[in-house]
Amino acid sequence: MTDLHQPECVVRSNDSLGEVPLWNSVQGKLWWIDVRAPLIQSWDPVSGEHQRFDIPGRSVGSWAFRQSGGMIVALHDGVYHFEPTTGSCKRLLALEADQEGHRLNDGRCDRRGRFWIGTMHDTVREFQGSFYCVQPDLSVQKLFGGIDIPNSVVFSPDDRLMYFADSTAKKIWVFDFDLAAGALSNRRVFVDCAADPGVPDGSAMDADGCLWNANYGNGRIVRYTPGGKVDRIVALPVTQPTCCSFGGPDLDTLYITTARQKLTAEQLAPQPLAGGVFALKTGVKGIAVPGFAG
């Protein structure tokens with residue numbers, strides 16, 4: 001049993017870059033990706049079964065369950081429909097496929113089933129990425145550019161706010177969000193992490209409207225109040241947490257993905273669980289993450 005406030009490694013998956021954990025309430029399973037493998041994985045907390053499904057392509061930046069069945073995966077050149085059990089992978093739309101070195105990164109669905117996704121250059125840090133909204137009819141709208149490593153796409157419980165981070169800029173922003181129109185406005189800084197030795201990576205939203213952020217490079221999860229104040233810090237036994245999401249039957253367990261990438265043998269020695277998936281009983285409940293309606 002996972003103790004309150006004590007993170008426990010539940011899957012020793014040894015991911016190079018584990019990301020985007022999502023809970024499937026029908027299956028009672030946790031799913032997540034390894035960006036670099038690339039593959040998608042599932043874990044059943046009751047049976048302990050851990051499965052891996054290879055994804056064709058160079059990388060997978062994010063993904064979502066599809067309301068019509070299967071899932072969508074954001075690969076280096078576009079958004080695809082993927083069926084884990086058969087390996088079928090069909091491109092639904094191209095996105096920056098003509099821009100050498102670019103790939104899709106973090107993304108999430110809103111409660112109307114739109115998929116919000118950021119792009120980046122995989123190796124060059126020159127703020128070449130952009131942020132897009134993919135509609136259920138597969139039409140695409142570019143919202144803004146000038147971003148480097150897009151992360152932390154989450155929505156408030158009342159659907160009136162959207163959060164977004166750029167890990168290189170070390171900032172998390174918040175926008176006013178119109179759910180009906182799918183429109184963003186009034187961008188402002190939610191948290192400035194300039195003084196932090198780590199960078200803001202993926203996030204989860206709880207039912208109280210507080211944002212839980214993976215502090216990559218600094219080995220901790222930070223809970224921020226709706227006003228942007230630090231409410232809680234949870235230390236992890238690994239330095240590179242990447243993303244988090246609520247799951248479990250009551251949505252009260254925070255699942256945390258981590259990474260082993262770029263760690264030397266000396267750096268890995270004191271953190272053998274790097275690249276694993278952790279579970280944390282937070283004492284609060286999360287909100288369900290919607291699927292893609294297209």
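Placed from the backbone N, Cα and C atoms, the Cβ positions cover glycine too.
Take the divalent metal cation site that TrEMBL assigns to Asn151, Asp201: the candidate from Glu19, Glu49 listed for it is Glu19.
In this structure, the CA atom of Asn105 (substrate binding site) is 7 Å away from the CA atom of Asn151 (divalent metal cation binding site). Summarised as a single figure, the pLDDT of the domain 'SMP-30/Gluconolactonase/LRE-like region' (17-260) averages 97. Arg103 (substrate binding site) and Asp201 (divalent metal cation binding site) are 17 Å apart (CA-CA, integer value). Glu19 (divalent metal cation binding site): 25 other CB atoms within 10 A of its CB, across all protein chains.
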